[in-house]
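Following: one structure in structure tokens, then a few remarks.
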Amino acid sequence: MLQTYLQSIMNQSHLTYDEVESVTNLMLNGADPHQIAAFLAVLKYRGETPTEVAGMISALQKQATPVNLPFPALDIVGTGGDLANTVNISTGSAILAAACGIPIAKHGNRSVSSQSGSADVLEALGIEIEMSPEELLSCVQEVGIGFMFAPIYHPSLKKLAPIRKGMKFPSVFNILGPLLNPANTEYALIGVSNEPILELMSEVCLKFKNTKRTFLFHGSGLDELTTLGKVVGYDIQQGKKTRLEIDPTSLGFNSCKIEDLKGGNSKLNACILKKAFMGQQSAIADALIFNAGAAMWVFGNAATLEEGIHSARKTLMEGEALRVLAQWAAFSQQLKLKRGSCN
């Protein structure tokens with residue numbers, strides 16, 4: 001059956017919403033791995049449509065474990081796939097944003113195309129990443145931040161993980177990941193690895209995602225907000241999208257080089273983030289401030305991006321991100337111990 005849909009996209013046909021839901025269900029339920037890899041490769045080469053991406057999101061969300069948060073929250077996440085091997089900027093930024101008072105429900109996974117995914121670096125920072133929905137809620141309420149490990153909340157995707165890793169290049173799942181937050185956060189900062197995907201995802205968010213506000217962006221070849229160069233993006237809210245171009249130097253940042261943002265394995269990245277949290281000035285610290293400031297602006301805790309950046313910088317320099325990290329690590333490990341004692 002998957003062969004039929006594969007032939008269709010090879011002939012440059014576009015699939016309907018219902019058809020791509022069926023395709024996704026086939027991939028999750030025992031389709032031939034070679035056909036799955038071929039389908040993903042051809043779809044990537046041909047280019048996904050907003051309707052196709054939305055249909056896949058629908059199929060995956062129906063099989064996900066939902067998280068019901070009784071309050072607004074935000075996620076900071078990227079598509080990955082920029083192959084730049086930078087430090088885990090979105091993960092560090094999420095911790096700083098939580099220190100700025102924004103409830104963070106972060107969704108993430110282990111590395112697929114880099115040396116260190118969000119789950120990997122959080123483990124290296126002492127965080128217990130395997131949380132039930134109830135434990136996740138407790139974390140966000142107590143600390144201001146919690147992490148949803150993708151294999152727990154999207155168990156159906158485990159079957160596709162070896163195929164994705166074996167492909168060695170980004171697929172539609174890089175687009176899907178940031179849009180599959182199990183808590184369906186009302187607010188999001190989403191980094192995108194290239195501008196064509198930025199256009200695609202902006203249409204998906206505008207037409208199919210029910211969020212209050214999303215800031216989608218691409219920054220000089222990265223799926224991160226950094227001071228490397230110009231940032232282009234869309235502010236999506238109230239059924240409209242507004243295109244933005246941001247020059248980081250106009251916000252008081254110094255320009256950096258890609259080498260200034262490089263990371264390595266999870267232990268190295270954890271060390272780099274801790275140094276930034278301790279107030280060590282660097283391009284990485286600037287990136288964390290940039291992202292957390294944008295989060296404050298998107299969430300409505302700052303009237304402008306400039307105001308958000310000012311507040312985020314002050315919060316970082318006061319050591320609040322380091323305090324939140326320590327509190328999160330301690331509380332998550334307490335939850336793990338409590339879980340073990342009940343078994």
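The backbone N, Cα and C atoms fix where each Cβ goes, and this holds for glycine too.
On a predicted model such as this, the values are computed, not experimentally measured, just so you know.
In the three-state DSSP reading, Gly78 (5-phospho-alpha-D-ribose 1-diphosphate binding site) counts as strand. For Gly78, 81-82, Thr86, 88-91, 106-114, Ser118, the entry in Swiss-Prot reads 5-phospho-alpha-D-ribose 1-diphosphate binding site, with the evidence type sequence analysis.
Marked as anthranilate 1 binding site by Swiss-Prot on the basis of sequence analysis: Gly78, Asn109.
Sequence annotations record features per position, and here Swiss-Prot assigns Mg(2+) 1 binding site to Ser90, Glu224. Cβ neighbours within 10 Å of Ser90 (5-phospho-alpha-D-ribose 1-diphosphate binding site), excluding its own Cβ and spanning all shown chains: 27.
The anthranilate 2 binding site annotation in Swiss-Prot covers Arg164. DSSP classifies Arg164 (anthranilate 2 binding site) as helix under the three-state reduction. Neighbour density for Arg164 (anthranilate 2 binding site): within 10 A of its CB lie 19 other CB atoms from the protein chains shown.
Annotation comment: Swiss-Prot describes Asp223, Glu224 as Mg(2+) 2 binding site, evidence class sequence analysis. The secondary structure of Asp223 (Mg(2+) 2 binding site), as reduced to three states from DSSP, is coil rather than helix or strand.
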C-beta crowding around Glu224 (Mg(2+) 1 binding site), within 10 angstroms: 28
Candidate binding-site residues Asn109, Arg164, Asp223, Glu224, pick with smallest Cα gap to Ser90 (5-phospho-alpha-D-ribose 1-diphosphate binding site): Glu224
Nonlocal residues around His107 (5-phospho-alpha-D-ribose 1-diphosphate binding site), in sequence order (Cβ under 8 Å, 6 or more apart): Asp75, Val77, Phe147, Met148, Ala150, Tyr153, Gly177, Pro178, Leu180, Asn181, Pro182, Ala183
Of Gly78, Arg110, Arg164, i.e. the binding-site residues, those within 10 Å of Asp223 (Mg(2+) 2 binding site) when Cα atoms are compared: Gly78
Pairwise Cα distance for Gly78 (5-phospho-alpha-D-ribose 1-diphosphate binding site)/Arg164 (anthranilate 2 binding site) [Å, integer]: 17
